[in-house]
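Student: Feature list, courtesy of TrEMBL:
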ACT_SITE  C311  active site, nucleophile
BINDING   C178, A179, A180, P181, G182, S183, K184, D207, D235, D258  S-adenosyl-L-methionine binding site
COMPBIAS  1-17  compositional bias 'Basic residues'
COMPBIAS  18-30  compositional bias 'Basic and acidic residues'
COMPBIAS  640-656  compositional bias 'Basic and acidic residues'
DOMAIN    64-420  domain 'SAM-dependent MTase RsmB/NOP-type'
REGION    1-34  region 'Disordered'
REGION    640-686  region 'Disordered'
Amino acid sequence: MVHSSRRRNFNNKKKGHEPRENKWRDDRDAPGNQGYREVLKENEKYWEYYKQQNVFPLEQFDEFKAALQRDLPVSFRFQGCHKDREQLIHEMENRFFGKIVEAEDTAVCVPKSLPWYKEAYQTPMSRTAVRSHPILAQLHNFLVTEAELGNLSRQEAVSMIPPLLLAPTSEHYVLDLCAAPGSKTTQLLEMIHENDENPKGMVIANDVDMKRCYMLIHHTLKRFRTAACAVTCEDAARFPQIADSDGGLIQFDRVLADVICSGDGTLRKNPEIWKKWTPQDGLGLHRMQIAIARKGAQQLKVGGRMVYSTCSMNPIEDEAVVAQLLRDSKGSLKLVDTSKMLPELKRENGVNQWKVFDRDMKLYNSLEDISEEKMKKVIVPSLFPPTEEEAKEMNLHYSMRITPHAQDTGGFFVALIEKVDESNFDGSAANGPAWKKKKMFKDEPFTFLKLDDERWHDIRNHYGVDESFKYQNLFSRRLESNDANSRQLFYANDAIKNFVKENMAKVSIQNAGMKMFSRTEGKVENTRFRLSQEGIRYLFKFMNKQKVKIGAEDMLHMLKSEENLVPLEKLTCKGDVRKQQNGTVVVYCDEDEPVCTWVGYHTIAPYISKEERLHLLRMMGVDCAEIELLMKSKRKEKAAQDREAAWARKEEEAKASGEPSTSSDAACAALEAPEENIQEMSEVKE
């Protein structure tokens, strides 16, 4: 995991510019068009460092260098547990890939399935090219809308590896220590849901940064819609022990420690690293990485497995950390041989020997080589390779390093570790520095419904919910004294309920479960709560009232209607719908795809997002090209409005501080920028 800030610099141009031609032109490298994009993809220290480390055959160095200097290919994967996965793949391959082939444009490449992960696809084209090329416009719209619903994830190929090695099942308790932005967390959630739509296990997704936690919530809980996940905000190196309801401690079956790193394997997508990378980056993070790995191992139960991974190829951040972890564990941890796992994945084995350099590429063969006092705090014993005897016991070659030139990916390192005995780490072992987390406000409480709660009596009677539904797993985010006025009710499975109730006083829990009910604000008198589309798939099988099976023609009419309120008189199902009480009514053609609607005296309105409406139409065989283009246009318009608002705020701040305003020139330059950058800025913001 690498944390980076992305900055866009635009060419300043005069007003009254000529309008852009309405055709695609790949002229990003033409003179005068490089202002926001020009990066010198060279770093002599980087090249020399990896020539010295011997982490891949030296005769492959030119291929290694050339791969890093190319843009990162676009990759994405379909949700592993989604019932429509095969239909979505069929739709994509038949509707979009054929048009790409027919175009016979050498600048466009058809995405191909990854040989080691059949549900994932990759194209050598860059993200900007996929977004802006007219032949790929419909494919891009498809990817955007389905990704927003969580049906697929636009995820770097190498980042898919750790969950595949962990392979959690529906009963497993999983901890993701450094989870944001959430692509690996979502993949872990898919795996525990693969054979059970309501798994007994759970995934705890943690990140130290509050803003990144918000991104994590959007990517996991809002998109995946699960009762088996909670998001926490804690320093991974000091993640607290988790209490169980029986007075003991919860230990995890699977732990993912995708630790903060220098990100030197991400040069293809983070070009700002080129000019600033030095060996010091890895040295400065080494102790923190050890501390996070040790905390992950402590949280692991005997027989459980942990993946330690980085998006760096540097042995200082990789094998050196794993080696120190094995030393500290005193035999309670062992590396698992991954050579037979994912056989189609090309990788290099982990190494037993490496070299330690400082910022200026000075070589240190041992601690005795340190002459400067300040370097004694930087060059620590754990940086150096294991002895020959240690190396035989550690089996560092069981770990894997993914190099960019092997299969046209980013750089990555993965080690799979199993706990064979209870860890007894030396308390004097080095800890990383504490992360200075900003505590902006007090966490909202979690208040679960009690036995015979009157709100549940109201909900159960109105919707005919079966007695087997665990209503005491519903909760609000209000203090108990004010719980009766809660506007929303969420649902968690037993594992998450237990985790939240026993630990919310000592763990910063930001969000958990999925929304199931919202207050109606007095719109109807029959019930105080309407159903939420977010939780309807789980609740639907317990309902006996307020649901109507309708024909495909009626469903299509509602979904395709440009009117928010569809007249009931236009629907064949109007008689069955009017037999229900006004308010929320669930309609369905397929029990796996229920749709929440709001029914008035004369109209019905689907309560679903534009993306979900589009997905349902697509699954019913409707050509959604025009709707997709309209949605793309609106996304661009919104992104431009957001950008103009940002410049306005900046100008106001400049006026308030008495500084000269430069926003008008910058705004003009921004408006001149290629359209793809407007959307990219919007995506970064989101």
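The backbone N, Cα and C atoms fix where each Cβ goes, glycine too.
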Student: Please give me the CB contact count at 10 A for K184 (S-adenosyl-L-methionine binding site), counting all chains in the structure.
Tutor: 26
Student: By DSSP assignment, list the helix, strand and coil residue numbers for the compositional bias 'Basic and acidic residues' (640-656), in that order.
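Tutor: Its residues divide into 17 helix, 0 strand, 0 coil.
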Student: Round to a whole number and give the Cα-to-Cα distance in Å for the pair D235 (S-adenosyl-L-methionine binding site) and C311 (active site, nucleophile).
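Tutor: Cα of D235 (S-adenosyl-L-methionine binding site) to Cα of C311 (active site, nucleophile) measures 20 Å after rounding.
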Student: Per-residue pLDDT averaged over the domain 'SAM-dependent MTase RsmB/NOP-type' (64-420) comes to what?
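Tutor: Summarising the domain 'SAM-dependent MTase RsmB/NOP-type' (64-420) by its mean pLDDT gives 93.
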Student: Where C311 (active site, nucleophile) and A180 (S-adenosyl-L-methionine binding site) are concerned, what is their Cα separation in Å, rounded?
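Tutor: Distance (Cα to Cα, whole Å): 14 Å.
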Student: When you look at C178, A179, A180, P181, G182, S183, K184, D207, D235, D258, which the record names as binding S-adenosyl-L-methionine, what is the longest CA to CA distance in angstrom?
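Tutor: Overall maximum Cα spacing for these binding residues reaches 20 Å.
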Student: When a 10 Å sphere is centred on the Cβ of D235 (S-adenosyl-L-methionine binding site), how many other Cβ atoms does it contain?
Tutor: 22
